[in-house]
Every structure is written in structure tokens, then in C-alpha cells.
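**Q** If you look up Swiss-Prot, you'll see 68-77 marked as compositional bias 'Low complexity'. If you look up Swiss-Prot, you'll see 107-181 marked as zinc finger, on the strength of sequence analysis. If you look up Swiss-Prot, you'll see Cys120, Cys123, Cys169, Cys172 marked as Zn(2+) 1 binding site. The annotation Zn(2+) 2 binding site is assigned in Swiss-Prot to Cys137, Cys140, Cys155, Cys158.
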Amino acid sequence: MSPTDPHSLLGLSPGAGEREIKHAFRRLAMRWHPDRNADPAAIEHFKRLRAAYEDLLAEYSRCPAPAAAPHDAQAADARPEPPPEAPPRGADRREDLVLTMEEAFAGGEKAFTIADEIPCGACGGSGEEVLRHTRLCATCHGSGRVRDGRSLTACADCAGRGYLSRQACGACHGSGQARAARKLHVRIPAGVLDGDELRVAGADEDCDRSGGEPGDLILRVVLAPHALYRLDGRDLILSRPVSAFRMLLGGELPIPLPDGVRHLKLESGRATTRELRVKGAGFPGRGKQRAGALIVRLVPVLPEAPDAEILALLEIAESRLQNTLSRHLPDVASWEERWLPDIPETR
């Protein structure tokens, strides 16, 4: 339709009735009448609107719209309308759910916030806002036409009207959408691992705009790095410094776990780096997967800068060890027996 066509100027479709023609002209006249619009180009545009209005009224008076034939209406009523199709189900939405080692170990409920896209409150989701005063289209300078090669075509920016009554919404920048935070409470099973997926059925309201069933929210578990623990499958591994004397003496050793403290029995006799392994005491089992083992790497530590009292006690212990060297320190005894007896002392 040409931008100079009377129907186009008044924003009407071909075949519009007298009432529609008058209503369209009154609406546009309120906007473009020189007494209401200070734009210098408003006078010429108003003249074009009046001319289009008069042409359409004259045409309508000569050729009024024909009334619908009765048999046509009956035929239309006789055709049953097909049932409306059910709106499609919304697509599933995927997000990452970051958990601490303690949260994944014990399970429970965790608050999770997601950002939904909702219709912009400023423009109602249209992406446009109505201008307080219409203005000439800057692309076609109010003519409604632009040159395309050797011909003139309707201006796409103003739909051939020559003026703009709307502009992109300043709040959503024309997208029609806004972001809104929504909080969910997600149940976390005990023993979830990095990469596991949790499905929250029907929780993706962001996909439920067409009236169909909302999609699911799928949360991929991401375990945050921990300063103490690491995982090998479901085996829970940690290193624990221990006094070398405690490793010699043995006894109970407190071990921190994600859900509390557990006391392990430490066998006496060796002050070397070694591992304690407790089957089933690691990460909890889930489904068909069994619980892992707790693996504690014990690292012996000697005292730094011992005071006089500790040195005296150590001297007593060392003297007694020297008396039973072959029993308690066999490596030292064999070495001294091999290399010391026949070597004369030097001054």
C-alpha cells in the first residue's frame, strides 16, 4: 500500500466503514492539528490527513460496503472450527548450583535465586513507549517515503506515515523484557557429587509465557574447592599433621569431617607418614553407589624450639633408648656396630 494512499495515511485497512474513517480522522486530528502540534511540518501533514478523510468519505458514499449474504453466513456457521492446539510445553532451563563440601555431604535444603525474564513494567512488554507529542520521522523527514535505487518506497521506520508516535522503551531499551529475581528452596540429597544434576519439575516459570506447561529447572552441581578435603570418587581424603610423639605413643586421634568430629584409633610404634583408611566413612552413598572411604594422611611433626623442660625429658628418653638400642633403634644400632667400633677417636 502506498504511503500516500488515504487508507495508509489514516491507518486504516481497505474496506473500512464510515464510522472507522471518522474515528481515525478524529484521532489523528487531535494529534496533528496546528493548534495542538507546534511542529512546523504539522500543517502540511494535517492537510494530507483532511484530504484523505474527504476522499474516503466520498468513495464510501458512492460505493457502500455490501452486506453479507444470508447463505454465506449460514455456510460459515456450518463449518465447525478446529479445536485449538494445546500450547507447547516450555523448554527446560539449566543453571549451576554451587555447593560447599559440607552441603553436599549432609544434604538438606538450600535457597537458590534465579533471574527470570518478565514483561517490562514500563511498557507492558511491548518494547515501546508512547511519545507525549508526535514527531516527524527523521528517516523520511515526514514524507513517509524513502528512495530505494530509482524508486520510492514506504519508510520502514514510520510505516509510511511520516511521523512517529512511539519510541523504544527507555527502561528495557526496546526488548520488552525485564529481569526479576526469584528464590527457590531446593532439596539437596546427601552425597551429591560434582556434575550431578538435580531436576526441579515445573520450576522454570520463565518459559511459561504461552500458557503451556512450564519446563523443568535442571541444576548442575558444582562443588566449591575446599581448604581441607578433596574427593577421589566418593573417597574423602585429607591430610592431618600429628605430633611424632603421639604417633609413637598411639591413642585416639580426632579427625574433622564435614558433619562433625570423629575419633580414630591410632596404633603406636611408628612416627612415619602413613594413612588411616576407614571403609564407608567417606562421602555418603547415593542410589546404587556405596559410601566411599575416609582416608587420612598422617604427617609426623617434631617440636620446634623446645624449652628446657622438654629437652630434659627428651634426654632421659634418649638415654634409655641408647641402653636398648638394638631393640628400639635397630637401624642406628647396626650402623654404629659397623662403622664405629674400629675407628679410633680423633681430637
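Even glycines carry a Cβ here, placed using N, Cα and C.
Have a look at these and tell me how they're positioned relative to everything else.
**A** On the 0 to 100 pLDDT scale, the model's mean across the zinc finger (107-181) is 85.
In sequence order, Cys120, Ala122, Cys123, Ser126, Gly127, Glu128, Glu129, Gly176 make up the list of same-chain residues 6 or more apart from Cys169 (Zn(2+) 1 binding site) whose Cβ falls under 8 Å from its Cβ. Under DSSP, Cys169 (Zn(2+) 1 binding site) is assigned to coil, being neither helix nor strand in the three-state scheme.
Non-local contacts of Cys140 (Zn(2+) 2 binding site) by the CB criterion (under 8 A, 6+ apart in sequence, same chain) comprise Val146, Cys155, Asp157, Cys158, Gly162.
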**Q** Which chain-mates of Cys137 (Zn(2+) 2 binding site) that are at least 6 residues away have a CB under 8 A from its CB, listed by sequence?
**A** Gly144, Cys155, Asp157, Cys158, Arg161, Gly162, Tyr163, Leu164
**Q** Which number gives the other C-beta atoms within 10 angstroms of the C-beta of Cys158 (Zn(2+) 2 binding site), all protein chains shown included?
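**A** Taking every protein chain into account, the count is 23.
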**Q** Check each residue in the chain of Cys172 (Zn(2+) 1 binding site) that is at least six apart in sequence and keep those whose C-beta is under 8 Å from its C-beta; list them in sequence order.
**A** Cys120, Ala122, Cys123, Gly127, Ala178
**Q** Please work out the helix, strand and coil residue numbers for the zinc finger (107-181) from the DSSP assignment.
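**A** Secondary-structure composition of the zinc finger (107-181): 0 helix, 40 strand, 35 coil.
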**Q** Over all shown protein chains, what is the count of other CB atoms within 10 A of the CB belonging to Cys155 (Zn(2+) 2 binding site)?
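**A** Cβ-Cβ neighbours of Cys155 (Zn(2+) 2 binding site) within 10 Å number 20.
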**Q** For the recorded Zn(2+) 2 site formed by Cys137, Cys140, Cys155, Cys158, name the remaining residues of the chain with Cβ within 8 Å of the site's Cβ center, in chain order.
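**A** Going along the sequence, the neighbours appear as Leu136, Ala138, Thr139, His141, Gly142, Ser143, Gly144, Arg145, Val146, Ala156, Asp157, Ala159, Gly160, Arg161, Gly162, Tyr163, Leu164.
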